[in-house]
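Copied over from Swiss-Prot:
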type    : residues                  : note
DOMAIN  : 3-166                     : domain 'EngA-type G 1'
BINDING : 9-16, 56-60, 118-121      : GTP 1 binding site
DOMAIN  : 188-361                   : domain 'EngA-type G 2'
BINDING : 194-201, 241-245, 306-309 : GTP 2 binding site
DOMAIN  : 362-446                   : domain 'KH-like'
Amino acid sequence: MIPIIALVGRPNVGKSTLFNKLTHTNDAIVADYSGLTRDRKYGHAKWKNYNFIVIDTGGIGISKKGLAIHIIKQSLLAIKEADVIFFVVDAITGLMIEDQSIAKYLRKLQKPTFIIINKIDGIDITQVKLQFYAINIGQIFPIAALQGRGINILLKAVFLSLIQNNIPLTNNSFTESTKYIDQLLMPIKLAIVGSSNVGKSTLANSFLGEERVVVFDMPGTTRDSTYIPMIRAEREYVLIDTAGLRKRSKITDIAEKLSTVKTLQSIEESNVVLLVLDAHKGISDQDLSLLSLIIDSGRAFVIVVNKWDNLSIERRNSIKDTLAYRLSFINFARIHFISALYGTNIDQIFQSVNEAYHCSTKRISTALLTKILHIAIKEHQPPIISGYRVKLKYAHYGGYNPPIVVIHGNKATELPVSYKRYLSNFFRHSLQIMGTPIRIQFNEPANPFIHHKSIPNKLRKLLLSKRNIKIK
């Protein structure tokens with residue numbers, strides 16, 4: 001299961017700072033969704049070998065009538081769906097009446113809750129902790145989110161608590177050969193995601209259609225996902241339900257139509273993601289945010305432009321030009337123009353899904369990767385940094401889904417972004433990787449003398465003189 005952690009608290013206590021620390025915002029994509037999840041932030045995070053999802057629920061205020069939660073209905077639902085609550089408070093201001101009201105609200109949820117006392121620098125934390133012991137809703141952890149102090153201890157306690165409560169977790173540590181064989185034998189898990197009313201459920205029904213073998217609810221690793229097994233062209237797949245796959249008669253709550261939390265879970269649990277766009281609406285900023293989340297997760301993906309029927313040639317050409325411009329940064333992705341309603345061009349989607357899955361899980365030898373690296377260097381030498389040319393020595397395979405290439409060399413981590421991008425593109429084209437992101441990691445050998453103190457000059461002369469060694 002991918003645990004969900006919700007950050008809750010009144011405004012200006014440092015929730016966003018903690019969110020950025022947990023998600024490593026410089027690397028991870030943070031999506032700000034408009035409309036359904038306006039002003040809320042969702043992000044992927046990782047601690048040790050465990051992945052989790054973080055939700056910044058925004059500020060909770062208080063009115064004359066008591067607790068007034070100034071967040072939209074879907075954010076409340078996200079809090080209720082969370083596995084763990086981080087109740088963030090301010091060490092400088094201490095316990096406030098708003099904190100007491102929020103604690104009263106959280107106590108009703110009966111979720112594992114951790115009190116996070118932020119901004120502890122220069123504060124007598126013992127006195128502050130005594131104030132918050134009174135609300136008695138969970139363990140207390142003092143942190144400095146801006147500096148990152150105390151966060152590792154906090155996360156260790158969180159995951160220890162989850163394990164002790166027998167909650168299954170998704171662990172990235174594995175035995176390479178065993179997991180790779182299992183991956184090849186398992187059905188391809190296919191998540192269908194997209195904005196509302198783009199035709200996700202119509203596409204799913206078109207997939208199932210005559211080829212549907214059995215439909216049942218298979219309890220998955222994410223609490224609210226429905227898994228629908230199917231077979232197409234003798235290949236097994238599992239469609240991951242993201243609310244749009246349910247029958248319309250069963251959807252009574254607007255939150256079920258598009259839950260960002262469920263979408264994030266579906267992406268994490270899938271092997272390949274189908275991002276569905278509406279040909280009539282083009283690609284929106286929300287579509288691009290969702291695409292960024294998919295890329296950030298490292299999942300293979302295929303883009304499907306639905307409702308392609310009944311469009312003029314001029315309109316189709318215009319849409320293709322717009323997509324080519326706005327999606328130029330993902331020239332490795334397959335794009336299909338279909339009509340889910342009439343089943344037009346559906347079969348080609350599965351060809352691209354299989355290709356993307358194969359590319360994301362393929363194994364590559366160290367010899368081949370090193371050979372490609374040397375060819376890339378020969379065609380375009382690494383730059384000179386601080387008077388020395390970067391020397392890249394060898395490359396090896398670092399993982400799959402997404403494919404990871406680890407390059408070793410002196411000053412490798414100091415390479416400019418432009419050269420790193422060149423190497424990434426070179427490996428992609430050389431290995432013919434389509435439909436999946438590829439990640440390049442750079443390692444350089446540790447300096448064995450970095451922690452050795454130099455010998456004072458006088459002592460050095462004395463030692464050498466005892467050995468009858470002349471110093472020039």
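Cβ from N, Cα, C; glycine included.
The separation of Asn197 (GTP 2 binding site) from Asn12 (GTP 1 binding site), Cα to Cα, is 36 Å. When the Cα of Lys200 (GTP 2 binding site) is compared against those of the binding-site residues Gly9, Lys15, Thr57, Ile120, the shortest separation belongs to Thr57. Asn197 (GTP 2 binding site) sits 25 Å from Thr57 (GTP 1 binding site), counting Cα to Cα. Ranked by how many other Cβ atoms sit within 10 Å of their Cβ, the binding-site residues Lys15, Lys200 place Lys200 at the bottom. Its Cβ placed at the centre, Asn197 (GTP 2 binding site) has 13 other Cβ atoms within 10 Å. Separation of the C-alpha atoms of Thr57 (GTP 1 binding site) and Gly194 (GTP 2 binding site): 22 Å, rounded to the nearest whole number.
Confidence over the domain 'KH-like' (362-446), given as mean pLDDT on the 0 to 100 scale, stands at 91.
For Thr57 (GTP 1 binding site), other Cβ atoms within 10 Å of its Cβ number 23. With a cut-off of 8 Å between CB atoms and residues at least 6 apart in sequence, the same chain places Ala279, Arg316, Phe337, Ile338, Ser339, Thr344, Asn345 near Trp308 (GTP 2 binding site), listed in sequence order.
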